[in-house]
């Protein structure tokens, strides 16, 4: 029974999957301990008499508490075993005798076998399938069966097979047939569902030799499970038409009626089928009469069958029609199909009749039945089933219409028909004795099918194809340790099903072909005739076949010991590799050994080899001297199973050993089932022959060379270079079979390179090899021969998949032609799948939907298959996810195609991870309802794991296997999958680089990766407080002048003056990665009493301390100095401490040394007391070369020439400051300078080629510093302020006092190239850092737990400063969406933290550099500013700064300063509720007449999330809330602090009077969003707000419009309101022309889009977005000339949404602009503000050449803002391999700066196509990422935060949690991972709650999914 399931483009070429459907069942019961005791006791009592024992045994077997029972015969047999040991064949029915344990062990061997005490003779069977109602869930069948059987040995139990049937005792009767009959009393019955058996217990014993009849009534469900008697259906218009059909192999006849369901239990059958006209019925024989039955039923009575096995029975009731004919020998032949397919059956009829007659002559045995039916079933798990006289087929395997089917379709139909008709002899007439010899059925049918095909169409040259599609195919499965022998014991149902695989089919056929060649065709044919004659209507095993072959051979004087030969091929798994070499004498050395693709794989030992894995091998040979390939069995030389190696004298003419081009070749026409290896010289000679004149070697052996070489190289038996060398000639190859082998190799290689940087090189290699033949063949198959058609299909597959432009363009053009005229398809049938697939991959949603529509309309099964398979080619993850769900939902995808669809999605590199996640999530569903074919299950799994080539993926697979202990029939599939992954890992380690190097040597170069490095950990860092620093004298010299930067270092000396606060003999300083020596301690003043001396020092690396021990105690109150020298590495790892940066100019690489000390990395540059409260003054000396400059916090005081080109710059002593604010730089930069109003020198520095981009920063910085001095009324305390643009910088900027360092993108601005967004970002950053000169530098936090005092204030002040300089930008409108909403997003989770948060370790410190400290800090400062008024706020800040300057502060100091002018607001009382507890409130406003009732509760985006309890609230999560509101009666949006109503923490609720409020008016809370809280309303008020927005949105201020959107969506996410509320408030968006509401909406829409990105709703949601943006895009377009900031932002936002949602005009405009730029790269016509949108659109819709162009522009670009845009938009590609290359380059290539690498990973992660790829890359590269970025609190946390925005499945949550669990040290990313996990959980909950709501809403708006 072949499955004939063809994954032609994703698996082995031309592979026909021949598997049976079935269900897994592997549980049952062992003998309990009590049972064993009873048996032992009974054995002792044997002398009393077995009969008595049997009596008691049977009595016990009736126990109703048992789930399985013993027959008397089984007991007797077990007792015999106890006495005598094991018998040769035992098939008992196991049970417990008296008791059952609650946990049942596995079923023992033989448990599934029926007892042998009864033998069936014939059946009288009547069945009535009832499927005539409207509800298929109620469909059933019922029937009764009478079985006449003979008793072989006495028994009181009748045991039959039955499964999923309803049978009651009252429906069973037993009577005698011989000797007068008479009824027998039925005592009891038992249905054992585990063993699928029915036990009928009788009062009296059945007697040997007597015949009996058992009558059983039964019923069962008629479902669409594709096994047993099942329901199928098809559509006729909108009507569903049902039919009942059967599939009984293996073993499922028992699901239709109780029976002896084993192949050796042959009997005759009298079948009656009931139906209702006009339906017809079919069975194995002809109808002899039709009878009327009550209620409109008729009964078709069928002729008696010959003796046959139950699995060959078939029954069908349907409305099908047929075409018919009569064979020359008088056999009636009919082909049935649904009426709509009547034009597609003629070919099958004529082919079937031809082959049936041919087989009758071939086997010298006529077909034994009077008729042969073939029928095409709409739902069919396998390819076909050989039911005797009624063969059932999958529609694609039987129907052929030349108008729409290809030549390969015709061959496939012919092949399946020939296979199934071969079974009428091999399998039906002579049947296997048991399933362990399955190959006798399937291997013979597979072999004979080629004989049949060759008769039908000799032009197909099927015997050439045999080597490719059979031999080479099965090699793949037989070269692994999880294979199995042809003859394999099959005890369980799972095992029976598992053996329907390529071993039984293809290997069986291969060894039959081999022995046929050895015997000779005529001898072989006569032997088969003998075999069939001797065993007709009976059963046989492989020994019977060997006997027939041996007898015939001997009769013809052929001395071959067939059994001895064939047992080596059937009783052990695997096959040999024969290595053939020549010695110096010219003799041939032949060696054999077992071939394993992974020789290191551990053999599980399931099957033992009786021959030590050696074989009897037939050798044939030819050479270049006389290349003769015409060989027969007489030419065979043998290598015996007893011979490991053998030296032989050549039996052919051999070339001279001096002939470098002379070659020899073994295994001609690949008749032998083995691989051949040679010495490299012979391989090279063969490769050269292929290049010189490949036709000297026949196609089969050319294919053999390619296939053998590749697999041998993969196993390490020969070199990769040799294997790849066999492909070099391919551009000259025109034969199908070699191209088929090459295609298999290249597909295998592509799979191995998927996800690696070598993939692109391979693609270009394939393009070059296919281009010549593609240019000749093209895609037009008109008038092609069969083999030309096949070759064209292979070439089209390779060429288009590799991206060959000529192929892609033609395919897309043909598809477009078809779309224009759908009724006329211009595409040749043989290439339709490839064309459809290419068009879908290159196209958009409309192309995919067109294919889906055609699938729904198509009638041809072959064309439906093409269309269905091509749906999986989309490059859009959401489409692939939609398709995956469709596969299991039914409807468009039939149940029998479900696993195939999943497999095709998995084979798409975009879909692999999606499919893997889907399969894991839906495993139980797949196994219970969609895995009827273990072969399909295997293909599905192997499609997924084929690209797994790392330990990480192996562990994923292993975890999956371990989490599913009961895998049933899937167990061996997953074992094979695991073996494949382990081999992939080994191959990647051993062969990947060889492949890349081989390709590179031929001009196909790609980027190579780098090694990972190890991460480090840190612990508590707090210093003891017994010393206080006063002054540092620091000298430092970076050494960065050698050629090799790996050798760069720095050295220096430091003298620290400190005060002893408390007596101690220990000086503790911070150091990290420094070497210190020459430590000295002295007094700080002359005449000081005796000073303790240095005794020694110890470095505490964990705490990053150096502990300096003194020989006596320091005196409290005294000042001392400690001096030391130090050295350290100067490198770019981590971008922290004193580190190396670089840039390129015309002369090459230019290096600079720079610093980044916040928060805890000054210790990496010099020994110090590295805590913010340990302030001191600094005198810094930097030693440089004369060609460089030195910069530090203060101006240079003096410079000294040290000679040899060295200069020492000593800088003025600094003000008291924290170590983290110290900075020094050595560089060759240039500067621009300006003076502030107070004559402070203001400098801006950068590399020379960007000095022209400094003007904006210089002018803006001066304005800001002047503004801050005026606002704070505190002068800037330093004589100069410098800002420096650093090429490599981890953060955005760093507020070093007097020397601010910046990432280049945050300070450089070039008009005409940089965008308005770049300008605003620079403005915000500069204003932020300059604010730090007061908040952070002048007044610093006591400890990092008050970080928000630095960052919150700087963030708030940055908006204030920019608003002062650019009031038209409306910065405080932007504040709400950029800062407040950002803070709320993070602060709405239980993984948040309070603004004030205790921290101790460096990791904890780094972790709070986050949105809470920055954005929430700024938001609550803005809130209190509004609450107390601007004047009070300003005065308070001035007091705060003046009081604490040059010192440290905490929040209480700030509260005190702000309270001094008080406005009846207790600032500390209020603000403690906002700083000492995390999260924020939602205020529920409920209207009641003219009053508003306020209630508050803690807002959580996921209220069900479990609070980890890290932080507790002393206020019970209640807040002091400044509430404001307005109404539609008098909408006022200018509110003052006097308008505030305070809703205090201790008020349960609060009532506010709103006198003007009317019943039809709305109320809106939190005017201008000054308060850090959300507002909820009753449903009526929400509707009124939504209506206002739709009627006249501008009545409400833009900020509050943004608030309404953000609050509604966030509240809906948390379940506080229905999702419909959120959806209603964005319905108005097509009217919105302000940026801030659009920004809020875009943020929420983006989240929804990400949530739906992998679902079927994504397309509908994109349609909604397109609808909402199309009109605005029409108004705004892409012309940004003269636009101000907010207009520019709006245009960019709309264009981004419009293009990404598929607004055609936007996409066309973007692509047109991009192509214009490509034509003249030096002139970019795209407005800077819109470049990101255009670039991303071009990458998403463009070609690899477009990507390469953009990448080259990135490399060439000098403007840092433009460079950043280019880099991030490279991640918009939908090509997995391109994204892989980008990821590798980001982390490992010098092309992309380290500071930008994680931005790339984040961008790929945010691209739905790249999400799974980036997640896997992140995990695989974690060690590198962690080590490099552990000190960058922003980059790593931003990246980790992306996980929480894109992950929304339980599988992703499990993987994320598993990653955290296995990485206990996540340092600064710990909190980010916690937040990501919480967000993922929230996303899952959101999907669960809102998916259907959104689906309904979108549908209601006309956006159908």
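Heads up, the Cβ atoms here are built off N, Cα and C, so glycines get one too.
Region 'Disordered' is the annotation TrEMBL gives to one range among 1-21, 22-42, and that range is 1-21. Most buried of the binding-site residues 1328, 1332, judged by other Cβ atoms within 10 Å, is 1328. For the recorded positions 1329, 1332, 1351, a Cα to Cα distance of within 10 angstroms from residue 1414 (site 'Transition state stabilizer') holds for 1351. Note: the Zn(2+) site is recorded as 1328, 1332, 1351; in the same chain, 1295, 1329, 1331, 1335, 1336, 1350, 1353, 1354, 1355, 1357, 1358, 1414 also have Cβ atoms within 8 Å of that site's Cβ centroid. Across the candidate stretches 120-312, 347-569, 1029-1221, 1562-1881, the maximum count of CB pairs under 8 A to the domain 'Peptidase M1 membrane alanine aminopeptidase' (1256-1474) is reached by 1562-1881. The two recorded residues, residue 1329 (active site, proton acceptor) and residue 1351 (Zn(2+) binding site), have Cα atoms 9 Å apart.
Within its own chain, residue 1351 (Zn(2+) binding site) has 1336, 1409, 1413, 1414, 1417 as residues 6 or more apart in sequence whose C-beta sits under 8 angstroms from its own. Note on residue 1329 (active site, proton acceptor): other Cβ atoms within 10 Å of its Cβ, all shown chains, come to 27.
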